[in-house]
Amino acid sequence: MAYYRTPHDVTALPAWQALQQHRDAMQGFSMREAFAADAQRFDQFSLSCCGLFLDYSKNLITEQSRDLLVNLANEVGLQDAIKSMFAGEIINASEGRPVLHTALRRPVGDKLSVNGVNVMPEVHKVLNQITELVGRIHDGLWRGYSEKPITDVVNIGIGGSFLGPELVSEALLPYAQRGVRCHYLANIDGSEFHELSANLRAETTLFIVSSKSFNTLETLKNAMAARTWYLAQGGSEAELYRHFIAVSSNKAAAVAFGIREENIFPMWDWVGGRYSLWSAIGLPIALAIGTANFKELLSGAYTMDQHFQTAPFDKNMPVLLALLGVWYGNFWGANSHAILPYDHYLRNITKHLQQLDMESNGKSVLQDGTPVKTDTGPVIWGGVGCNGQHAYHQLLHQGTQLIPADFIVPVVSFNPVADHHQWLYANCLSQSQALMLGKTREEAEAELRGKGLNEADIEKLAPHKVIPGNRPSNTLVVERISPRRLGALVAMYEHKVFVQSVIWGINAFDQWGVELGKELGKGVYQRLVGSLEESAEDGSTQGLINYFRGRHRG
């Protein structure tokens, strides 16, 4: 029987019990001492794959820890779960769907059946459609209503229709194609549209409306605003098709909006939004970096898919990262995880991983709807490089919470300035080192004596200078950011999230919590504009509605 049909109490498994006992035995474990005692620790706890290098030696683990965590993966049936996903079985139980974002990066010639139909020809048909459109725009053949070539593309979408594409197009900016600029419009805040449209010309702007249902509130409101702006700037209804295309499974709604059927790129219900950048949702990526580089992105993700399916768990990068997350979240009390990219172009990766992880594993019931017996997904947060060192790293070093971190850094910069990159790389390594080593009371006192302080002042100041250390982190190194390596990196985190969902017995591919806010939002809106006089369900919400209505102008 498939794993998703047999929800388990993971805390009752022998491997979980063994890990609990091991955690108790690890209470006094010191990474500083472990490195001093074992010159091979770095080699034992690091690996390379798909253009990525992972150092996970700065973790609160021994070889026994790793073995016990791998035992847990085996006991929950992880290998069967992986096979089920890649085979197209219905692992999204609450929605009755397979999960096949991995199909989008499989090569020509592969076969994969969904309900008895090989979906791969359709996948590659859409990829060819993307290639054709991108070629026409880059070659100046797609023209606006004034017959001028398109110079700006605006992707209108939110959530997975925005975060993944924005991450990739920004991360691969050094690969950007000249002549076409890509922009993103997500928030329903009118200020975002105002600031964006101020720098655009309607006659040379193409809008991509990305919404699977073509019914997403924020996306439709922004699409209507873009349409109104386009008409006010001199465009006509008759020429609308030159300036609006869609990525949607609702062709009828897109056609009713004014988009020609041949300019509607399909989506499939077996691709979730936060896993959709590999699909036609990635059209703005292809427009930004070209289809050759987009295909390299897909190829890099495919290499990670192969690694994930074939590597033994103790040498499997996504599996190891997932197991470490379980180790800290369920046995060490960690409630959050920091993502710290030391690269300007990767500055948006934290936002994408927030959605990927928190929307996937922010669940409190098992696949069968019964309550979980343990904590599930952590809060994902962080930010770019050295900026964080002068903001929130203080809490990582001396705060009371254990917060594991992933440092992500390239060896080579696209834009070397003097010795800046050497300093950037040095800062990345020194932060992970400082988290691990810390500073003892004796070291703090010796440092203060070296500065000439008297013993009374040393006694007062030393406690403030002590840094506990023993704080875990992973360091992910790439030689240089490229489409292929970025594809592997993003796919790695996708698989990490899936592995954790299997261990906890939850569904990583639905998001019912998001829907409640949408439903309630309709009633709040009606009360704000006066079309519904009935009071809100609670006094707080009604009070805030009254506050708005008493002061809003416009």
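Here, residue 1 is simply the first one shown, and the rest follow in order.
Backbone N, Cα and C define each Cβ position, glycine as well.
Keep in mind that what you see is a predicted model, and the values were worked out from it rather than measured.
Quick look at what Swiss-Prot lists:
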ACT_SITE  Glu359  active site, proton donor
ACT_SITE  His390  active site
ACT_SITE  Lys518  active site
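Locations of recorded Swiss-Prot features on the structure.
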residue	record	Cβ contacts under 8 Å, 6 or more apart
Glu359	active site, proton donor	Arg274, Gln511, Val514
His390	active site	none
Lys518	active site	Leu217
